[in-house]
Amino acid sequence: MGWAIALHGGAGDIPVDLPTDKRAPREATLRRCLDLGVAALKAGRSPLDVVELVARELENCPYFNAGRGSVLTTNGTVEMEASIMDGTSKGCGCVSGLTTVVNPISLARVVMEKTPHIYLAFDGAEAFAREQGLETRDQSYFITEQNIERLKQAKEANRVQIDYTQPQPIKEQAIPRSEGDSQIGTVGCVAVDRNGNLASATSTGGLVNKMVGRIGDTPVIGSGTYANTICAVSATGKGESIIRNTIARDVAALMEYKGLSLKDAANQVIANAPKGTVGLVAVTDKGDVAMPFNTTGMFRACAVEDGHSEIAIW
């Protein structure tokens, strides 16, 4: 038994010839966030603190689809969502429809710890964030030139774009191949400490050109995020597919009820999901790690107490 951490920056149809100027900043951010999480675990921080800390850093990076890097709705606005879960208590917090909150993952934790509820959304969640003193910014802070261009391209093609994956057509039509940078990915982190305590966090801006009010898998406990005393899971990919297949909970259920190892459970869940739609990162109370996906690639990183660490895409 030992500590372990895994994180992701989205899964999808990531071209193997992704240009260095688009790949390198994301890899560097994953490395920095991995180092940050490892240092926090070594310092004795709780897994809940660690996953929030890492998710906040990923939210602050414009290269990923969360926080400042959030993609735009069909109206040209941001609607961010996030969730966090503690494995020991099964305490959890979820938020959706955020337009001004700098770190949605921190609001999700405040919902978990300071309300009798699990899920707050839209105006109510925004008001609660201000009441609790969380940092907010004008919407212009989140609306980057890159995401304005992504929305323009999506509208011209009449499509909804899903992380790095080939666009999902709104109407049946020929779809031009993505050049690989028009979709950026949901972020997530899972961690376990030396005592076997687990936690999971996931955050996203959703889909490029999504309908206003659309909610994906990220804030849905059991779909995009789940943690108990056995494992912690954070999923990424096509939200509708992840919700239908209860991806995160199914990994835990296969371990709990069928006695499967993390690797076998995670691989079975990914194999049963529609091809090209799902990836996940997961850790167990014993410090095992799994990072499977059925897409072309997934920006991911992990480290365990015995010294092994890796950062990978394909």
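Keep in mind that glycine also has a Cβ here, set from the backbone N, Cα and C atoms.
Keep in mind that TrEMBL annotations are predicted by a computer and have not been checked by a curator.
Per TrEMBL, the feature active site, nucleophile maps to THR186. Residues annotated as substrate binding site in TrEMBL: ARG214, ILE215, GLY216, ASP217, THR236, GLY237, LYS238, GLY239.
Sequence features, as recorded in TrEMBL, placed on the structure.
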residue	record	Cβ within 10 Å
THR186	active site, nucleophile	34
ARG214	substrate binding site	17
ILE215	substrate binding site	19
GLY216	substrate binding site	25
ASP217	substrate binding site	30
THR236	substrate binding site	34
GLY237	substrate binding site	33
LYS238	substrate binding site	24
GLY239	substrate binding site	28
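Note: the CA-CA distance between GLY216 (substrate binding site) and THR186 (active site, nucleophile) rounds to 11 Å.
The shortest Cα-Cα distance between THR186 (active site, nucleophile) and any of the binding-site residues ARG214, ILE215, ASP217, GLY237, LYS238 is the one to GLY237.
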